[in-house]
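Undergrad: Pasting a structure below so you can have a look.
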Amino acid sequence: MGNGRPEILAVSIISFVLGSVFVSFYLSSCYILAKKTASHEHLMLFAWVLDLGLSFSLFYAIAKGLGSHEADVKPNNEEGINKALYAFDVLYNPVLMVTKSSILVFYLKLTHGRGLFHFANYATLFVVNVAGLGLTLSEVYQCHPVSAIFHFRTQTAENCTNIFQSSLSVVPYDIVTDMAIIILPIPLLTRMHLPWKQKVILVITFGVGILVIVVDVLRIAQLQNTILSRLEPQFSYNIANIAHQDYTYITAPSFMWSIVDVNMTIICACVPSLKPLANRFTPRLIWVTDKHAGPHSSPRPSDEDGATEDGTRQSAENETVGHELLEVLTGGQVEREVEEQVAHIDEGQGYSTTKSFVNRLNLQPPNMLKLSNKESVLPIVLITVIYFLWGFSYGLLNTINSRFRIRLKLDIWSAYGLHSAYWGGYLVGPLLMGRPVLKRFGIAATIISGLYIYACGALLFWPAAVSSSFPTLIISNIIVGSGFGVLDTAANLFVAICGPLKYSEIRLCLSKGAGDTAIIFARLLETRVFGQLPTPYMVSVQWTSLAIAFFNVILAVIFYYLPVPEVPDEEEELDELIHHNSHDIRLFGLPVIWLTLGLGVWSMFFYGGALGSIHIDLIRFTKAHGSRSVHTSDRPSPLDFVLIAQSVWTVGHFFAAYIQWVFLKPRQTLLILYLGCIVFSALCMRTSGLTAVITGLMLFFLEGGILPIIFGIALRRTGHHIKTAACLLETAFSGAAFFPFARYAAELAHGQSYSYCVIVAVFCAGIIFPLYLNFFSVVKRQVDPI
């Protein structure tokens, strides 16, 4: 029958011993060599004590029969196993919480006085402790009454929490906090002005925490495989259907991986503070100096041609950061070494010849508003690549939502609610989260913030899939929508003003088209890969959401080091470059600039409503008309029609860019596109079959270029208010959350074709903006490219 007790016991003992060895090194380094004590060291000692209790409870359970089949466990050992495992469950989250708190308290010294990093450090510490406490309490009261946990046969779905469900549901908490702990110090470490080898050693030392995430993933995969092996004989994919039979055998590997996870976290937490110990035994490795300039050293920024006073100041700041961080790492043991390094500096050696890794990448480019067409190509290509990458992840997100709708058997109203939750995030993200970051830290920081918010939302899809929870799915969509709103705000603003302003709308159309091209690839993945999986199979959804989260975090880290031009902070410079001096021109008693912005927000709101109403109903529209358009056995499926419509919509972006480049002004193009949308929306009310499908595709083609043109025109001449204007325009796109309900109500009353009257009405409301742009001469002078 099989017995995994020897292997599980061996791996568990080895992991605990290794963790204990590193803790002993850690305490020796802190208490004996550094001769200083701090709160994070006491926390680490407390974490080891908890780990001791955690490990002992597992060893005791194994001795009583954990790892054997339930039939082989002696009846008098049953209660002992359950008490030991109950102790394990209760201690598991506290030991991780205390270990992570030790790391973050240690980071408080590294990030002290460094603004955003210090705030992020406190925020992560708060999340770790609040979530850890909540999870601990949930484990303490996993059965009602608690005594039921001590007997297999008294555990039922009614009085005990499903251990598999709870274990998988906490995956986002573990991974988010692990990623935050790994990423937090890296920007500070790479900013240190140190020899290349020292810098690499430090980054690797702190980055070794990636092993914790690897172990997390292995633990999750093993637990999930166990779950699937138990569910397949029941022809089910619902974790709640797993009973507690043979509990001692099927859960043993999960407990083993949990103990490995805890001790790996402790080991990685100890490594950064071992520098005094390493300095005692391997000083050459720690204090290496570059005696010759070569491939591992490069001139300092202040030595390069064109170096400025700002560059010198930044270099000095980096040196200060380096010395401060090293003091924290070594507990004051580096004073002599630093003095020696300073002496080497005077001789032209040491790290004076080494350029900061951040400065090597973050060479500040010219002001983005002063870039020529040629100079703006590289930054625009960079942002367009970002558009493409997160467009692809957005397409995968649609795939996840579609799988959820099938799995949860959502009705139309619930599906519309899910759609509205995503676009409702645009009400929250741009103004409440994007604007403060954009105003204070700039475009790059806003894009990074948006990527992190998006990653957190994507991770919430995991517990939603595990528990089949519709409320969790709603919350995850709101968070993802907020993240996308923040991303779109910063990226659209960047593309609009990076380079000659007269080409703003063209650049926006091209960049948005690139992002939509990625959505097509994601749709292909849905139809060709996910479509072949069993309908209730949610494992692929969970791993896809996890991959999206990892991808966004990696993208954010990469983006931190890329040379992204920024909008100037000086209000006078912005006013001069964006022609704010026309604010005295009025129309109807109002400044024409703000009237244009207000109507632009108005038009964006109704355009978003039309777009959301059309896209969410596309599959049902093609089922209704596409099935009558082709009578052969190989006619395209509704998903194929969706793919075609997405392709046509993408081409519409490039078409809009082309006609603006060759023939028409942006305001004229916008008016023609709106008129075409009204005409073809009205035709959708009166056509059926193949004609209706072609009419719908034409509607997709025309509406593609409207958003970037509205965005570019409405931003013109807003001066130093341009960041706020961009946030308002992006927030207005939340109209997509509201109008689908009105359209569905019209469909219930008069049929699907008639429901297009709502689309016609919405486009008619939105066309007020292009009419205003084309019929008033003062407005033409404001918005026409110069």
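Glycine too: its Cβ is placed from the backbone N, Cα and C atoms.
Annotation source TrEMBL lists domain 'Rhodopsin' at 30-279. Annotated region 'Disordered' per TrEMBL: 292-317, in sequence order. Per TrEMBL, transmembrane segment is recorded for 12-33, 45-63, 170-188, 200-221, 377-396, 416-434, 474-498, 543-562, 592-618, 639-663, 669-685, 754-773 (among others).
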Undergrad: Under 8 Å between C-beta atoms and at least six residues away from its ends: which parts of the chain pack against the transmembrane segment (592-618)?
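TA: Sequence-remote neighbours of the transmembrane segment (592-618) are 415-416, 419, 423, 426, 580, 582-583, 585-586, 641-642, 645, 677, 681, 696, 699-700, 703, 706-707, 710-711, 713-718, 725, 728-729, 732-740, 742-744, 752, 755, 758-759, 762-763, 765-770, 772-773, 778-779, 782-783.
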Undergrad: For the transmembrane segment (543-562), I need the partner stretch with the highest count of C-beta pairs below 8 angstroms, choosing only from 170-188, 416-434, 474-498, 669-685.
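TA: Answer is 170-188, with the largest number of Cβ pairs below 8 Å.
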Undergrad: Give residue numbers and ranges for long-range contacts of the transmembrane segment (639-663): same chain, 6 or more residues beyond its ends, CB-CB under 8 A.
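TA: That would be 505-506, 509-510, 512-513, 516-517, 519-520, 523-524, 526-527, 531, 618-619, 622, 626, 669, 673, 693, 696-697, 700-706, 708-709.
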Undergrad: Can you find at least 3 Cβ pairs under 8 Å between the transmembrane segment (474-498) and the transmembrane segment (170-188), where each pair is 6 or more residues apart in sequence?
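TA: With fewer than 3 qualifying Cβ pairs, these stretches do not touch.
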Undergrad: Limited to the domain 'Rhodopsin' (30-279), I'd like the whole-number average of pLDDT.
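TA: So the average pLDDT across the domain 'Rhodopsin' (30-279) works out to 76.
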